[in-house]
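Student: Just dropping this structure here.
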Amino acid sequence: MKRVRTEQIQMAVSCYLKRRQYVDSEGPLKQGLRLCQTAEEMAANLTVQSESGCANVVSAAPCLAEPQQYEVQFGRLRNFLTDSDSQHSHEVMPLLYPLFVYLHLNMVQNGLKSTVDSFYSRFHGMFLQNASQKDIIEQLQTTMTIQDILSNLKLRAFLDNKYVIRLQEDSYNYLLRYLQSDNNNALCKVLTLHIHLDVQPAKRTDYQLYAGGSSSRSESNGLEPSDVPASILQNEAALDLLQDSIKRVKDGPPSLTTICFYAFYNTEQLLNTAEISPNSKLLAAGFDNSCVKLWSLRSRKLKSEPHLVDVSRIRLACDILDEEEEEDDSAGTEMKILRGHCGPVYSTRFLSDSSGLLSCSEDMSIRYWDLGSFTNTVLYQGHAYPVWDLDISPCSLYFASGSHDRTARLWSFDRTYPLRIYAGHLADVDCVKFHPNSNYLATGSTDKTVRLWSTQQGNSVRLFTGHRGPVLALAFSPNGKYLASAGEDQRLKLWDLASGTLYKELRGHTDNITSLTFSPDSSLIASASMDNSVRVWDIRNTYCNAPADGSSSELVGVYTGQMNNVLSVQFMACNLLLVSGIAQENQEH
Amino acid sequence: MEAAKMASPKSGPKDAQVMAQILKDMGITEYEPRVINQMLEFAYRYVTTILEDAKIYSSHAKKPSVDADDVRLAIQCRTDQSFTSPPPRDFLLDIARHKNQAPLPLIKPYSGPRLPPDRYCLTAPNYRLRALHKKV
């Protein structure tokens, strides 16, 4: 009887789902609907959830720890927290006191007298400010054996109960990253056994993707456009109101981006790189057959501009120059092919005013193409090995290239030889990027490091290690604070340039990441990858919830399509993201 | 075109089977079938180049036949020419330090398109008109 009833219920549910056109209606039914849960099952689920919750992540650490390491690891943690003077380290600082007490008690229990003495004498001084802490510390000094601990009520209370510390989620992640960065077995062991970390999740509001503009805005602090006539600005109160509304806009949720995808068909696997000009009018692509093809993205066709100097006519000041309006577009073509290289073209870059194009290739040369006449104007030679990547400095004053010869070189447009050599990488330099202030150059390499160089001096000023694979893409934030790097290890790392440390690590991609870009207000990062998806992340991370597939919680959206490979992403002004990639072709074998 | 899984060509020529075995020994399991042909071509070209060089060296030394020393010399000379690797790191650091000492040239303001002098650009015509000689 009961089985018939269950089947009836399942039938009803599947009919309802089919009527509502849920495609995967067979999936959940095959596994058997959970229509009721016994009390035991509920209890089991609850314990599983609480045991595997965020506070118990640290319990996975191995438990072998030598007592000599206690002093080393505790000292390192203390130095780390005192050196980095940030809000997170201030929140984690109270953790040092219980760690000290428990490590001391542990060593006394194991009977290691000399290490106990040295540990105590080195670190006890920092806890003498607080009266209650000072009291315990002095009692610790007299404990020599286990019996001393057991007879002392306060110390025994330490051992019998867990010490509770409250942390914000950000500080907790900060602490976890430090513990993971090096060998901290002893600290992890103490944290699992004796300390309970009460993690308070950061306040999040739900972030809806593809919502209509009005609903997402209504979930945030309701903004009204405030009309502030110029005459009221003298009023102090109105000024405060204006600043307040500016702050609300700045801290509000990032607006959803518009994405425009340019797909290449029938490239026959020859396409290496694609880029869109800053004025969005041209698309340049570099191919393995040494040509660079230019497409016009507007309705106007590409046409060479007429020569400005016409030596067959002498113009006098009194001449009336008649502007010849060329109304026939027959002379123009939609695509122009630029031939000049003798090897596959690996990267192209437009000048910031879109008047010229630089391309670098396996034939060890860099060529400058003038986009008025679509001809090759200059040949820059200096590398002895294939050149992998190019970047142009913000005011188009210099450009830099990275090559297989493990160096990056700085060039100026009016000299055909390099001006600076940045040597120091152990393997070839895969990507180069200028900082927005043109003073620094970042290079990513196959030796899994990212280096920051001073443009003028030529010496390496920072070395960022931590990637587990070659670094294939770099991007600087327009406000100059962060550097994003990503590569074959499928992780996006954000480095804070002021302190020179890792700020965030974003997980989620499942294949090599090929391109990165920041939004103009430095709040969003878009990343393109060979797993045919483009992901947009919000690095201020105030408005997202954790996605289901294990990606970092900064993920705002994942965009996939019928693509074989995504080559480049570029943020334009007005919140527009331009993506170029290779379209998926039907297999005809 | 998807890369095909490695399938040992059972009916192929012996050289192709040997090449497939070499690829398997080096740990490469997925490759397109034309890779074997390309590798065989490369091997043939390399060996013939070395042996021709060895013949030249042995005839220069007036030896009756090519022996192992000639082949060894041929390999050494070819390696220096074709299979080069980037210079060692300390050498690179040395020349970088030397190069980076020179100050950067000044940037002239308002100079229009910044291009090298015309001699170093590719803007000159690469042809010359031949004057017609008038026949009297």
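Cβ atoms are placed via backbone N, Cα and C, with glycine included.
Okay, these came from TrEMBL:
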DOMAIN    A:66-194  domain 'TFIID subunit TAF5 NTD2'
REPEAT    A:264-305  repeat 'WD'
REPEAT    A:338-371  repeat 'WD'
REPEAT    A:380-421  repeat 'WD'
REPEAT    A:422-463  repeat 'WD'
REPEAT    A:464-505  repeat 'WD'
REPEAT    A:506-541  repeat 'WD'
Student: For the repeat 'WD' (A:380-421), find every same-chain residue at least 6 residues outside the stretch whose CB is under 8 Å from a CB in it, and list them.
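Tutor: The answer is 343, 346-353, 358-368, 427-434, 436-438, 441, 443, 445, 453, 455-456, 458.
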Student: For the repeat 'WD' (A:264-305), what is the mean per-residue pLDDT, to the nearest integer?
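Tutor: A mean pLDDT of 89 is what the model gives the repeat 'WD' (A:264-305).
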Student: Determine how many residues of the domain 'TFIID subunit TAF5 NTD2' (A:66-194) DSSP places in helix, in strand and in coil.
Tutor: 105 helix, 6 strand, 18 coil
